[in-house]
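All remarks here apply to the structure that follows.
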Ligand SMILES: Nc1ncnc2c1ncn2[C@@H]1O[C@H](COP(=O)(O)OP(=O)(O)OP(=O)(O)O)[C@@H](O)[C@H]1O
Ligand SMILES: [Mn+2]
């Protein structure tokens, strides 16, 4: 080939290559998410940039696109994108273009009436009623009026007792607060409005928390907002590295109440002025961590073992910050607590699995150990598994009980900051206690059946309950709808248990004392 021809061929080849590159670029551009609902902003503090879970392979293209949005302008707080608006902190919570909660997964059990569950429930309740009466008479002491902390300690409830004393001394061996809710409702509004007079960072734990002292002597556990509501758990984050969400703490309290458990402490949302309500009261260690971000927002990071540094700061808008406030349990001097290792604890290691994940017969081991051998505790763990599955909480490593009430009392439902992280993912392994033991209280099953087949679905009941919170909306629609879908999934698990069981009464218990493994349980130091 002559030199001239060679040059022409080379030029032609180069043009073809150019055309090909352009075609690929255009194709890639078309793959960019145009639906704002599936567009994911970068990780809140810019450490890890993520794409929508479904579009992981498109990550570099999405990032390039997202870098041009206002969310990427170097703000320390992604949430502070509408400072000019007087309702900024509210409007930024609405699902907008920055929302990362994608469209909702359909409910596969929407048309299933679960009439078999209804029949099984009716049979059990009818058949077990006489037993229930006999047991009640036999164990009269246990079934009389619940025993409260006031009954057990030397602290008396008086007509002039404060609201906090009424709440704390009114905690019983059956529930944290009574059904009528008068004290709890007052407590919620008090925590939202009372002046905070001092604060300190809570020692221990992985993430930043404050203990607040109110002017009336009450105390609350403060967890700050870290995300806008639409921000989901990062796909590459484990349950143990996930940030905590203040709205999950609020939502969990209401969910526990709607399930009829009343084992969670009252939690309410509140908007704080960081400058006048936190900075002004901060002691030296905390004070040192305050700064103004490049966007002009007031930030701080405190000290803790995860995410307490400048790049993971908690920032205001410009100094307004949302937080969840949990009413304090009685001081340990009055009501010491016992910490239990959860038998279905996860491994908290990125490669290791827990025993229950590889052993389908794991429940048999648990049943041999006190206090899971008989009575309420194993049934309580079934309730907890239902509760955690509904909100997607995988972070149940330990639980606590109030020592005054002995070992045959309920586990407190504490620490739900890692719930409500993924609206369209149902983490069925959270139901392992339920599908491995195949037992559930009739009262819990009745609630679930009512949520599914009654006139008002759980999503609606939750929405109404959460509308009472000053930081509403607490949960976005996909998280509410996920509750209905998950209720159906739990009912399906119970159905499978019933199909595999000899007797309905091996699965559904109308009375805690009807459960006994048949063995005298052994003490196991590992689990207590
Ligand atoms: N309402 C409360 N009143 C008193 N103490 C509480 C309350 N809620 C939680 N605590 C105590 O504070 C500890 C830490 O709280 P929590 O578990 O919510 O925070 P955390 O940062 O998630 O901790 P961890 O990382 O250890 O799980 C709990 O183990 C509990 O003993
Ligand atoms: Mn925790």
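Backbone N, Cα and C define each Cβ position, glycine as well.
What you are looking at is a predicted structure, and each value in this text was computed from that prediction instead of being measured.
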Annotated region 'Disordered' segment (source TrEMBL; candidates 25-65, 66-106): 66-106
Record-annotated ATP site (TrEMBL): member among 215, 232, 244, 427 besides 207, 223, 326, 327, 328, 329, 400, 415: 244
Listed binding-site residues with Cβ under 6 Å from ligand 2, out of 207, 244, 327, 415: 415
Overall pLDDT of the domain 'FAM20 C-terminal' (290-502), taken as the mean: 96
Euclidean distance between Cα atoms of residue 395 (active site) and residue 244 (ATP binding site), Å: 10
Close-lying recorded positions around ligand 1 among 207, 329, 395, 415, where CB distance stays under 6 Å: 207, 329, 415
Per DSSP, three-state class assigned to residue 327 (ATP binding site): strand
Site of maximum Cβ density within 10 Å, from binding-site residues 327, 329: 327
